[in-house]
Amino acid sequence: MLKGFRDFILRGNVIELATAVIIGGAFTAIVTAISDKIINPLIAAIGSPESPALSFYLREGVEATKVDIGAVITALINFLIVAAVVYFVIIAPMNKINELRKRGAPEEEVPPTSEELLAEIRDLIAQGQQNVVADQRFVEGASGTPGVPGGAQDMPNSAGEGDPRH
């Protein structure tokens, strides 16, 4: 049981996910700093000095009724910044790499089925038998003597009449 857990933890996907979470946390700190130090002051500049963060109260004097539109705008801007960075730094390059791999990689050959292999073997056997018949006709020669291309009259034979090689 512990071996299975260890294999799961040490698998590449889990380690990559842990790395992504750590980098994501560091990146969130950068986005938060940009929001707090640059975007929030710009949003506050849009509102009046009395309500610096574009907020208002549904019931005056009750802090729980505060509607803070500036915080919603800040969260939306943070989301857009994170989404844009993730897309342009991770997604777009990965799509390009996958496209190049697909374009450069040859298509995988599909292995033939058993039926296709058997049909090919059958055809080769049939073709081989036809070749054997054709070869025998060639070897017999014009006079019909086996083993002599042009017949016995073309090739000297040292064997006598009773010799089985004749």
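The backbone N, Cα and C atoms fix where each Cβ goes, glycine too.
Sequence-distant contacts of the transmembrane segment (12-34) (same chain, six or more residues past either end, CB-CB distance under 8 Å): 78, 81-82, 85. Marked as transmembrane segment by TrEMBL: 12-34 (among others).
With a threshold of 8 Å between CB atoms, the same-chain residues lying at least 6 positions outside the transmembrane segment (69-92) that come near it are 27-28, 31-32, 34-35, 39-40, 43-44, 47, 53-56. Residues annotated as transmembrane segment in TrEMBL: 69-92 (among others).
The region 'Disordered' annotation in TrEMBL covers 139-166.
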